[in-house]
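Copied over from Swiss-Prot:
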| type | residues | note |
| --- | --- | --- |
| TOPO_DOM | 1-61 | topological domain 'Cytoplasmic' |
| REGION | 29-55 | region 'Disordered' |
| TRANSMEM | 62-82 | transmembrane segment |
| TRANSMEM | 98-118 | transmembrane segment |
| TOPO_DOM | 119-130 | topological domain 'Cytoplasmic' |
| TRANSMEM | 131-151 | transmembrane segment |
| TOPO_DOM | 152-173 | topological domain 'Extracellular' |
| TRANSMEM | 174-194 | transmembrane segment |
| TOPO_DOM | 195-213 | topological domain 'Cytoplasmic' |
| TRANSMEM | 214-234 | transmembrane segment |
| TOPO_DOM | 235-256 | topological domain 'Extracellular' |
| TRANSMEM | 257-277 | transmembrane segment |
| TOPO_DOM | 278-365 | topological domain 'Cytoplasmic' |
| REGION | 291-340 | region 'Disordered' |
| COMPBIAS | 320-334 | compositional bias 'Polar residues' |
| TRANSMEM | 366-386 | transmembrane segment |
| TOPO_DOM | 387-417 | topological domain 'Extracellular' |
| CARBOHYD | Asn403 | N-linked glycosylation site |
| TRANSMEM | 418-438 | transmembrane segment |
| TOPO_DOM | 439-447 | topological domain 'Cytoplasmic' |
| TRANSMEM | 448-468 | transmembrane segment |
| TOPO_DOM | 469-491 | topological domain 'Extracellular' |
| CARBOHYD | Asn484 | N-linked glycosylation site |
| TRANSMEM | 492-512 | transmembrane segment |
| TOPO_DOM | 513-525 | topological domain 'Cytoplasmic' |
| TRANSMEM | 526-546 | transmembrane segment |
| TOPO_DOM | 547-556 | topological domain 'Extracellular' |
| TRANSMEM | 557-577 | transmembrane segment |
| TOPO_DOM | 578-595 | topological domain 'Cytoplasmic' |
Amino acid sequence: MDSAAGGGGLTAIRLPYRHLRDAEMELVSLNGGTPRGGSPKDPDATHQQGPPAARTTTTRKLVLACMVAAGVQFGWALQLSLLTPYIQTLGIDHAMASFIWLCGPITGFVVQPCVGVWSDKCRSKYGRRRPFILAGCLMICFAVTLIGFSADLGYILGDTTEHCSTYKGSRFRAAIIFVLGFWMLDLANNTVQGPARALLADLSGPDQCNSANAIFCTWMAVGNVLGFSSGASGNWHKWFPFLMTRACCEACSNLKAAFLVAVVFLLFCMSVTLYFAEEIPLEPTDAQRLSDSAPLLNGSRDDNNASNEPRNGALPNGHTDGSNVPANSNAEDSNSNRENVEVFNDGPGAVLVNILTSMRHLPPGMYSVLLVMALTWLSWFPFFLFDTDWMGREVYHGDPNGNLSERKAYDNGVREGAFGLLLNSVVLGIGSFLVDPLCRLMGARLVWAISNFTVFICMLATAILSWISFDLYSSKLHHIIGANKTVKNSALIVFSLLGLPLSITYSVPFSVTAELTAGTGGGQGLATGVLNLAIVVPQIVVSLGAGPWDALFGGGNVPAFALASVFSLGAGVLAVLKLPKLPNSYRSAGFHGFG
């Protein structure tokens, strides 16, 4: 879900293939290549295999080159806010709705690093990153179109012929098409996200890292705001009435139109990026053992071996390339064997094996970071899955499969939830500027702990608001189905307040990891890859367990949110007691999120 949000995009949380600050996060090749940042030892080899001179991309081109981030994030915001409610209108029970999110963390963990390695070695005349960005964006367009028209396609394939305004049963053909499109969308998001970040790293000069990261995050924020605004609008069916069909009523046509707008916006952003991102094609002799984007290590043994190998020269942006230069004629003879080994090491299975086996080489203090990170995401992901559904059910007392008034109330609640996510994104953007000074003032450990305590309070507040809302509704103080104004406004405040701890979650853990591994000589990449494991495993657990857990207590979203508050409380306590104390000279490691 980048994914991510934010953020949000997982969108599984998408792990960047290369941090924009080399001093903080040194990413090493999957094959155990040399760390980036080494100086060339052979001037002749540098001249032969590296580009002739360093260059600096203008700020204008950097802004335009990473515009695709806004297009991807637009679709991710719609996915995050609308698709859990929509799948329930197709007849998938609330207890099973969370299962559709399984693909996001899996593809984020396996596909994204592999795509990063493959793009490193891509020899297309159009560059290393742009072919993957193009392919991923086209996949996104196809996937969201499939999702938007799933009800119509199901109708064509044999679902009920009864009008959607009166039919309350299941539409399994439409649901199958929806799930296929949803999983393809997760796969496509992860295909684009990494090469887009790597492209930005390729284009930015040594002194442009901070500004480049800020530009990328700004585009993500723009995409979030536009996407959640689109999801909050209930007028798409009025502006595009031809999208309403016998199988697709108001809520469906609103979603369909929003996704079609997302397609147009993404194609525009992608075209701008592809045009202004001037890549230098990779020569065949340069394609060996590049390490721009692989967040993995083979282990300390490979690091020791790699330290004795020569390194070649500068990349176009002034950074040094970590690919190895043959030191003698024997190296050339071994090229074919090495490439055969790399084909195996670049595979999805090898990615998982490398990360799992490399956990033995984690630096001291990382295990407590992983534990706190896992509990943090066990508390966050139920909210990401069911936030708008909670607003529609518990606050507005709607039902996606109820009578006409109940469905209308549910749709209104979902749109109000999307507006709450819009407010959340605004606060998240503001909070991202406050994280650095807060960490310098109080220390990263305490800031991370406070963010988890804030999530605990907010998740507990959702349970309390649900109880108050149900009590008011049951006491018949309302003669029509809908939300109490005070409860609704309080819910929007909770959505907004969660933006600040979310900005901390998207940045501080990665900076703590960078600080703990700063002197390990390449261990940063290993630790960051394992940190991603502490994100995706909780997402898989929640995807599998949240729906059945809610069903165990009679349905609704309160059980999952209440359990999330327990996890966040535990994460806060462990952060205070177990996290290593770090100096207050905090340095941001960049923005990480769903999108």
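Any Cβ shown, glycine's included, is placed from N, Cα and C.
What you are looking at is a predicted structure, and each value in this text was computed from that prediction instead of being measured.
If you count neighbouring Cβ atoms within 10 Å for each of the glycosylation sites Asn403, Asn484, the highest count belongs to Asn484. Taking CA atoms as the reference points, Asn403 (N-linked glycosylation site) and Asn484 (N-linked glycosylation site) are 20 Å apart. Across the range of the topological domain 'Extracellular' (547-556), the DSSP-based residue counts are 6 helix, 0 strand, 4 coil. If you look at the transmembrane segment (98-118) against the transmembrane segment (492-512), you find fewer than three C-beta pairs under 8 angstroms, all six or more positions apart, and that falls short of contact.
Only residues 6 or more beyond the boundaries of the transmembrane segment (418-438), in the same chain, are considered here, and those with a CB under 8 A from a CB of the stretch are 5-7, 77, 80-82, 217, 221, 224-225, 228-229, 231-232, 387-388, 391, 447, 491-492, 494-500, 502-504, 506-508, 586, 588, 591. At the 8 Å Cβ threshold, with sequence separation of at least 6, the transmembrane segment (62-82) comes into contact with the transmembrane segment (257-277) through 3 or more pairs. In the three-state DSSP assignment, the secondary structure recorded for Asn484 (N-linked glycosylation site) is coil.
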